[in-house]
Amino acid sequence: MSNCIIAPSILSADFARLGEEVDNVIAAGADWVHFDVMDNHYVPNLTIGPMVCQALRKHGVTAPIDVHLMVEPVDRIVPDFAEAGASLISFHPEASKHVHRTIQLIKSHGCKAGLVLNPGTPVEVLDWVLEDLDLVLLMSVNPGFGGQAFIPSTLDKLRAVRAMIDKRGKPVILEVDGGVKADNIGQIAAAGADAFVAGSAIFNAPDYAQVIAQMRGNVAAARG
Ligand code: DX5
Ligand code: ZN
């Protein structure tokens, strides 16, 4: 699969003007809205919940909303996000007692299901659930904050997970999150990623369209 899904993380957007920020970034060429949910428990930060997701839908956002749950426990909040208009819901295996059950729960509510691997989480956690997943998200920073530096070992991990996905043959989107910039996105794409979360690199740039175009150009160049 040679997708190039650009998913700006609204964690770095101006929350006082969130609807407008999302409209602008989609108009600038983004594919998905990456929606970071933090609970001050699983991660040491607190952000936004289903009401904000619903508000974006009511505002008129039609792009896929890629919900990244950094919350523990996971299951209680899944139906709320499905009702609020989430398209994809991803969670961390460490935050759910029954990973397989949570995946089925997400899918039973009509959303695509993703599993998120922290930098220290072994890829073997995918062994018995990969066929049930629509997406694997590799964290290239420790979750909790925007603006951190990309952890280089993620490149080897991307190659390992790409091989696992290709071996099984079923299309599973491989997404990467944390420290993704125009100047490293080529390497990340070459290592096998299909979808790229970028918060500060996009929302801190003066021209969203320009940075997204630059990212797409660098992905295309790296893939040859
Ligand atoms: C971190 C979040 C990321 C974050 C990425 O816990 O999951 O989505 O917003 O921000 P940047 O692109 O600035 O590293
Ligand atoms: Zn995220």
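Note that Cβ sites are derived from N, Cα and C of the backbone, with glycine treated the same way.
TrEMBL lists Ser9, Gly144, Phe145, Gly146, Gly147, Asp177, Gly178, Gly179, Gly199, Ser200 as substrate-binding residues, and of the candidates His68, His92 the one it assigns to that same site is His68. Other residues of the chain with a Cβ within 8 Å of the Cβ centroid of Ser9, His68, Gly144, Phe145, Gly146, Gly147, Asp177, Gly178, Gly179, Gly199, Ser200, the substrate site, are Leu11, Ser12, Asp36, Val141, Gln148, Val197. Highlighted here would be the binding-site residues (Gly144, Gly146, Gly179, Ser200) whose C-beta falls below 6 Å from ligand 2, but none qualifies.
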